[in-house]
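Trainee: Per TrEMBL, the feature active site, proton acceptor maps to TYR148, TYR158. The NAD(+) binding site annotation in TrEMBL covers GLY14, SER20, ILE21, ASP67, VAL68, ILE95, LYS165, ILE194, ARG195, THR196, LEU197, SER198. What TrEMBL lists as substrate binding site is ALA98.
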Amino acid sequence: MNFSLEGKTYVVMGVANKRSIAWGIAQALHDAGARLIFTYASERFEKSVRDLADSLDRDDSYFYECDVTDDEAIEKTFADIKNDVGVIHGLAHCIAFAKREDLQGEFIDTSRDGFLLAQNISAFSLAAVSRAAKDLMTEGGSIMTLTYLGGERVVQNYNVMGVAKASLDATVKYLANDLGKHGIRVNAISAGPIRTLSAKGVGDFNSILKEIEERAPLRKPVTQEEVGDAAYFLMSRLSRGITGEIIHVDSGYSILGR
Ligand code: NAD
């Protein structure tokens, strides 16, 4: 079987800097031969994304600003992508946000605004971008997102983002059911903790990492590259029978009881 992604085009949403999991995914897809389209939240990230993409050894990448809270921006981004490249074969949604004050203390203190913001950016956006991307996946496709164990179980300080990830996990399943008939698969990777810009916002993140080093079956935190390789699998033909699934790439931590 040919594992190459040569001749395929993938949209990667959510590269902020070189530590972003999205960047690990972009590199893995690039190494497999794919052409990449990058979207970023605001002008602030454009230079960083372009500089990273420049370090890849090809010059046919595309770049679009797309704030996923803005329906018009999503519509315009995918209309522009359709115009510029035509067909796409997959999309990696690597986007989440919550207010810093909602990622510490107790979940019960979450404000309505904070709750809705986290749901909007971290969960609803997957449905919104999938709807827009569907029309460009005329040859079938693979959509993937990034979730975390805090959506399945209580993880201290993860709070409002845990509830948003539970919503994201359910969104993956409903989208998989809707889009399967169009040959489009939808899955999530539940990544173990990785030190990124977003992770910095989670209270006492260091102790979460330490727990992985001490107790996860593989006794080490996962890397961007490991998540990237799982994303490559989900984008490739190798995973063609898998949809609506949440794959844990977490050094085995999620199998543990207390
Ligand atoms: P990151 O900060 O590098 O990426 C988060 C991205 O979300 C950024 O690029 C940011 O610009 C983007 N974003 C935020 N609001 C947006 C908006 N309104 N419109 C468009 N983009 C927006 O951090 P990361 O850890 O690479 O996060 C990527 C994904 O991985 C997130 O969904 C996160 O919850 C998930 N995840 C992270 C970890 C971890 O430990 N780092 C573990 C499991 C899952």
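Each residue, glycine too, has its Cβ placed from N, Cα and C.
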Trainee: Given the binding-site residues GLY14, ARG195, LEU197, state which is nearest to ALA98 (substrate binding site) when distance is taken between Cα atoms.
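Mentor: Considering only the listed binding-site residues, the nearest one is LEU197.
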Trainee: Could you round the CA separation between TYR148 (active site, proton acceptor) and GLY14 (NAD(+) binding site) to a whole angstrom and send it over?
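Mentor: The Cα atom of TYR148 (active site, proton acceptor) is 16 Å away from the Cα atom of GLY14 (NAD(+) binding site).
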Trainee: Around ligand 1, within a Cβ distance of under 6 Å, which of the recorded positions ALA98, TYR158, LYS165, ARG195 show up?
Mentor: none
Trainee: I'd like the Cβ neighbour count for VAL68 (NAD(+) binding site), meaning other Cβ atoms within 10 Å of its Cβ, all protein chains included.
Mentor: 23
Trainee: The record names GLY14, SER20, ILE21, ASP67, VAL68, ILE95, LYS165, ILE194, ARG195, THR196, LEU197, SER198 as the residues that bind NAD(+); what is their largest Cα to Cα distance in Å?
Mentor: 24
Trainee: So what sits near ARG195 (NAD(+) binding site) in its own chain, CB-to-CB under 8 Å and at least six residues off in sequence?
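Mentor: ARG195 (NAD(+) binding site) has long-range Cβ partners ARG19, PHE205, LEU209.
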